[in-house]
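Take a look at the structure set out below.
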């Protein structure tokens, strides 16, 4: 049986019904080499603070539900292990989002941004009786990396521009738009570029690159945004040269 140790975890809590501002609470949690932060939060809720609020679902870094700040770095709780934080751990709600309660944030703008870029195949008239819509490996390679997003919101918590401008559609939405724009089956690029070319689109990004650094799926949203800027520049150049 693995040897159990104890770790003091600072959880920044907030209940809008009784608190005027977030405050810290400290909990002593037993752990071994396999204990994740999500396990620790479950222990706290079951044994120490039944009213602690946080999101979780799959426990396997697939659903993206358990994003939070760990020592000021956006992380998934299920992929964060206490063994790596023997000097202490501070857990907070994701940065740059309004806090609903404790570690739960309001993702409304995030979801609306994803919806706004129309994340689905547009203008493909192929029917089921025509068979599968086959792509070559090269065609799939253009967008495959950008299709791995799990909508966890870590890139928004990492993005300094989203922190300054909450209307910025953000890394995940731009990446998703680029994913579909690069899909050979899709014909909706013109519709999405209206969003990417807008004031709160790709040009709000100053290319810090922290969004790619914290991405748990190595999607590289920073690269997608820069490629989006290239496409936006093409649109601008064509519009400039087109006869009026």
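Each residue, glycine too, has its Cβ placed from N, Cα and C.
Residue 14 (menaquinone binding site) falls outside any helix or strand according to DSSP and counts as coil. Long-range C-beta contacts of residue 14 (menaquinone binding site), restricted to its own chain and to partners at least six residues apart, with a cutoff below 8 Å, comprise 21, 22, 23, 93, 99, 101, 102. Among the features that Swiss-Prot reports, menaquinone binding site is placed at 14, 226, 227, 228, 229.
Under the DSSP three-state reduction, residue 58 ([2Fe-2S] cluster binding site) is assigned to coil, being neither helix nor strand. Summarising the annotation, Swiss-Prot assigns [2Fe-2S] cluster binding site to 58, 63, 66, 78.
Look at residue 152 ([4Fe-4S] cluster binding site): DSSP puts it in coil. According to Swiss-Prot, the [4Fe-4S] cluster binding site annotation covers 149, 152, 155, 215, on the basis of experimental evidence.
Around the Cβ of residue 159 ([3Fe-4S] cluster binding site), the same chain contributes 96, 168, 170, 171, 208, 210, 211, each under 8 angstroms and 6 or more positions distant in sequence. The [3Fe-4S] cluster binding site annotation in Swiss-Prot covers 159, 205, 211.
What Swiss-Prot records for 16-97 is domain '2Fe-2S ferredoxin-type', and it gives sequence analysis as the kind of evidence.
Through the fold, the domain '4Fe-4S ferredoxin-type' (140-169) approaches residues 61-67, 69, 74-76, 94-97, 105, 107, 109-110, 113-114, 116-117, 175-176, 178-180, 182-184, 195, 198, 200-201, 204-206, 208, 210-221, 224 of its own chain, all at least 6 residues removed from its boundaries and within a Cβ separation under 8 Å. Marked as domain '4Fe-4S ferredoxin-type' by Swiss-Prot on the basis of sequence analysis: 140-169.
Sitting within 8 Å of the Cβ centre of 58, 63, 66, 78, and not among those site residues for [2Fe-2S] cluster, are the Cβ atoms of 38, 56, 57, 59, 60, 61, 62, 64, 65, 76, 77. Recorded residues residue 66 ([2Fe-2S] cluster binding site) and residue 215 ([4Fe-4S] cluster binding site) have their alpha carbons 13 Å apart, per Cα-Cα distance. For the recorded site, residue 63 ([2Fe-2S] cluster binding site), the DSSP three-state label reads coil.
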